[in-house]
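Q: One structure coming up, written as structure tokens, with questions to follow.
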Amino acid sequence: MPLLDSFTVDHTRMEAPAVRVAKTMNTPHGDAITVFDLRFCVPNKEVMPERGIHTLEHLFAGFMRNHLNGNGVEIIDISPMGCRTGFYMSLIGTPDEQRVADAWKAAMEDVLKVQDQNQIPELNVYQCGTYQMHSLQEAQDIARSILERDVRINSNEELALPEEKLQELHI
């Protein structure tokens, strides 16, 4: 099985909250696509609660588009990581990490402004696979934590697992 890019970085050295360029590529037509690792929690030390991350998924995608789309950038998708320590964001364009961090913080401010669970987009049986598994309070706790801790930038060069370590791990 091919080694995925996300498994070539040392999760024991990752900071959170932090932005990292996880991957860059070009489409056959030459459009730049960038995948960002938006790390909300320190791996293996923290995890977002399932109801909170689910609610955040519904809110975050729209709020990030409001703050990041434009000037050569268009978000394709924002999806939670299975480990519940962050989100992956795929987009057309190549914004720098600081621009992404600033948009992320602005989106977290927007999450804190949501006053009622009924304001969560697509929160119904027709548009959500587990529409009863939500918590606005947990999503706002996550947002508050991000803003209190601020958003840093994780460097691939600093986090790269050495080839010897990858071989030791039988990868």
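Backbone N, Cα and C define each Cβ position, glycine as well.
Feature list, courtesy of Swiss-Prot:
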type	residues	note
BINDING	His54, His58, Cys128	Fe cation binding site
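Locate each feature and note its surroundings.
A: According to its DSSP assignment, Cys128 (Fe cation binding site) is coil.
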Q: Please report the number of other Cβ atoms within 10 Å of the Cβ of Cys128 (Fe cation binding site).
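A: There are 17 of them.
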Q: Out of His54, His58, which of these binding-site residues shows the lowest number of other CB atoms within 10 Å of its CB?
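A: Sparsest of the binding-site residues His54, His58 by Cβ contacts within 10 Å: His58.
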